[in-house]
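Okay, structure first, notes after.
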Amino acid sequence: MRCAYSLRLPSVSPSGLGSAVVQVQVEFYVNENTFKERLKLFFIKNQRSSLRIRVFNFCLKLLTCLLYIIRVVTDNPGQGLLRKVLLLNALSGRELIFWVDRKVPVWAIQVIVAIISFLETMLLMYLSYKGNIWEQIFQVSFLLEMINTVPFIITIFWPSIRNIFIPVFLNCWLAKCALENMINDVHRAIQRTNSAMFNQVLILICTLLCLVFTGTCGIQHLERAGKNLSLFNSFYFCIVTFSTVGFGDVTPRIWPSQLLVVIMICVALVVLPLQFEELIYLWMERQKSGGNYSRHRAQTEKHVVLCVSALKIDLLMDFLNEFYAHPRLQDYYVVILCPSEMDLQVRRVLQIPLWSQRVIYLQGSVLKDQDLLRAKMDDAEACFILSSRNEVDRMAADHQTILRAWAVKDFAPNCPLYVQILKPENKFHVKFADHVVCEEEFKYAMLALNCVCPATSTLVTLLVHTSRGREGQQSPEQWQRMYGCCSGNEVYHIRLCDSKFFGEYNGKSFTYASFHAHKKYGVCLIGIKSEDNKSILLNPGPRHIMAATDTCYYINITKEENSAFIFNQEERKGRPAGGIYDGPSQLPVHSIIASMGTVAMDLQNTSPPDVSGGKLVPPTVNGTGSRRPSIAPVQELADSASILPCDLLSDQSEDDSVFTDEKDHSSTEYVKGYPPNSPYIGSSPTLCHLLAEKAPFCCLRLDQGCRHNSFEDAKAYGFKNKLIIVSAETAGNGLYNFIVPLRAYYRPRKELNPIVLLLDNPPDNHFLEAICCFPMVYYMAGTIDNLDSLLQCGIIYADNLVVVDKESTMSAEEDYMADAKTIVNVQTMFRLFPSLSIITELTHPSNMRFMQFRAKDCYSLALSKLEKKERDKGSNLAFMFRLPFAAGRVFSISMLDTLLYQSFVKDYMILIARLLLGLDTTPGSGYLCAMKVTEEDLWISTYGRLFQKLCSSSAEIPIGIYRTESHIFSTSESQVSVSVDDCEDTKDRGDESRSNDQSDHPLLRKKSMQWARRLSKKSVRWQGVSRDSSKDHAQRIAQQRLNLYRRSEREELSELVRNRMRHLGLPTSGYDEQNDHQNTLSYVLINPSPDTRLELNDIVYLIRSDPLAHVPEVPPVHSSSLKERHESSIDTREDTQL
């Protein structure tokens, strides 16, 4: 190859002046410019030209084999020239092996082909010569060429041997070699590198064909001297022999042909196993790597790609169950791209027919374009990139996720990206992705809301899981049936103009539409998105007028498109109906048809209420003629005189005296504003309660005094509200999202709970700078497995303890043992502080069954069996009936993986979840809060009436109920307790309690007996001192021994805590040893039916409208209903200082 480079060299005359410039053209060559190198470039090195030569050579070999078959077909040993030769020489029939009847045209063509093949072989031998001529001469391919070409060339000069036999059929092996070289050149020309499996299959097929063809031609020729088999009979014999069938109807008769059969079988036994071994090895490697997803399938079928570092069975099943729970995704394929080899559990699952036809596993790296091409990433409908949360170094796991996201975006810029990130500070690196879920942001915000809105984690988890509400419907427990049915509610969307649910409320207020849609259809309208404003607004309030182009977001058991509307007989006849909820018979009845996920709704009369007589007429109370207060109707349009505003900004009467009763806090001043220091890039600005001046870092330390104050424990601060304690390993940036929702501007000041961060490692100054502007936020170094640390941080004054999963324990040799330390520590705290609400984060959801573990609790055993039944039925929420999860006391971040998966179908789910949790604040959008139903509120009676009351009075939208019920559990360790006072009871009762202790507390009994023996040893010394009083001492010791024997575990633990408090100098009066949660169970009802009865202490989840969205000019007169909650709202209005 020659390159046209030109070089101009100046030529200078001796005088150096006025000389002409002489141009010299120099040609540079990439290869040596010789005749041999040019031939080598054409025949060997150049891919395209060498490919043409190999194709030509392959065709020549096939032509020689075809000519041989023609010669055999036209050959007749008993006629023609061959017969004359045989008669003249009087030779035996065995001479037919050496001589054949070759027609002249066939001979001429064979000679020409032989000459061309000979010349080509000699030329290639010359070009590939590397100094060892004998090595090239003794190559098998060269020897075969000489055997099949040289005799034909000799017959040109020696006509008498023109009919000599030449084994031209051996050229099939040369054709096989030429085909292999040709395929290699093809793959090299098109840059295809993943064709090893194809090559090996091709080699095996060619080897089998060559063996059969060689044996057929060889046996046919040798049997000319014997039975004179035809070519077809020889082929039949070879197939029968190589297939090990051996019918025996066709057999070779002479020993040369029999010897050839033996040789061919031996060759087959040696060559074929080697070929099969290589093929099996490549097939196994292909199975490990997963092969390819063909381009044809990618263009005709829809698929998504799942990219993970290590594929665990739990993650895989969560993804598949949630992804394929949506009907329109049933025809999608899932291509998994993972760098590690598929483990045994995953392999077994993917062999199930349900998944084997839908899931394709490819072993490869996202950072390699070759592997992305195998997964056809550029044709994928979406790419999910999940982080490895079980890594010890979560920052390194995020870095890998970021690189994967960049690689996919570079290779397939149009492929939608769904990225899961762990650390919030890394979120801005993947902001180009279509959807991003930051694990620590959601985790801490959800745990924070759990402290003020119980079981928020359960509420959100149920909303983001796909379910049909069939769980627990076969259970005899009423709460399980209600809880399972309501768990099927999810968030859906529809345009107002296309909706049967909301279409009739065009031009009405949002609150009016939400109430009447719930009354009529049982759906809960929670938010809208206007066409001119692309932001989703949760409960924009009554001043928002519904438009036909609005997108409505609602909570329901299924979407409207899957609903069948069944009108009752009254509406069909067109008779007018009465007022709103005139009687029990007018309540809507919702019958859920489980088949095909369709909901049939019986529609009752929903005509607008008569304003003149629209007041509810509640039934009589206790049979008397007195009536309960009525509920005002919800107005079609906003009326400032009838709406209780959610304004927290207009009255400062309470602010000046909020902290006047607290020690040294009379001068503390709070303002509202945006936190000045964000710990990471990308945090959403939220209006919060802030200190007027930043607190010094030394004042943030709870257990150490400083020059500003001398407090060294939580008791000394004199907090009015209960503490919220957070136990974490380090003060990561995600912990900032725990503080912000609890200090949001819409939280009343007098309801702000002090926050204590119990950290294993002291925080750095960067984190302290971010939190020093928030009021009542402290930290302390300590661990939850240290009782002294818990007591010093004020655990006896806390209502909630949040235990965050530690990064250092997320990985273990046995995966599910990662939660072992956390579970045991929480169980210890549950025994030490039974009245404390402990909210725990676990790595694996399956470990929640060990929370608040009771070894002999039959009820927990029944729940375990129910969980197994629901899992066998294919439920995605089999763990939902576990009491800690239902009560919101345990949470695993892996439960929120489905939030990212659902966003593929519902692209609004991440934004709605962020608005509910307070991670994002959109102007005009409401927030999640809760209210408690007291005795004064029970007159409202039903959830539907409560919905009307809230909509008409304060424009709040209820979305669910957190219900706590008394429940009698079976006898367990925590319940078997005999106090010292019980020893004075009758003998029978004492014997019964002792039997319970012996059966349920063997270790406790043994320990008590040891203490009794020690006291007995001491009594011997006392007897030596005063023998006169020995009888009294013996009786006293016996009584103490009996008391210790009957002493309960609860009393031992209480005494242990009190002793440690005395040792630390803490007062013991605040320690409450009673367990408030022992005989209760709690659960969440999402969007219950309107006729659901309210119960005492029900906590109602509300979406309250944004206080900053509208401030009324004239303070309205508030009604007397919901007295306590409304007085709280009035008393806690505040000014905003921005």
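Using N, Cα and C of the backbone, Cβ positions are placed for all residues, glycine too.
TrEMBL lists 986-1003, 1121-1138 with the feature compositional bias 'Basic and acidic residues'. Marked as domain 'RCK N-terminal' by TrEMBL: 301-437, 721-861. What TrEMBL records for 606-628, 979-1003, 1110-1138 is region 'Disordered'. Per TrEMBL, transmembrane segment is recorded for 55-74, 107-128, 140-161, 201-219, 231-248, 254-276.
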Distal contacts, the transmembrane segment (254-276) - CB-CB under 8 A, six or more residues away: 97, 200, 203-204, 207-208, 211, 214-215, 218-219, 222-223, 225-226, 238, 241-242
Other parts of the chain folded back onto the transmembrane segment (55-74), taken as Cβ under 8 Å at six or more residues beyond its ends: 100-103, 106, 109-110, 113-114, 116-117, 120, 148, 168-169, 171-172, 174-175, 178-179, 182, 213, 217, 220-221, 231
Structural state census, the domain 'RCK N-terminal' (301-437) (DSSP three-state): 59 helix, 28 strand, 50 coil
DSSP-assigned states of the domain 'RCK N-terminal' (721-861) in counts, ordered helix, strand, coil: 60 helix, 29 strand, 52 coil
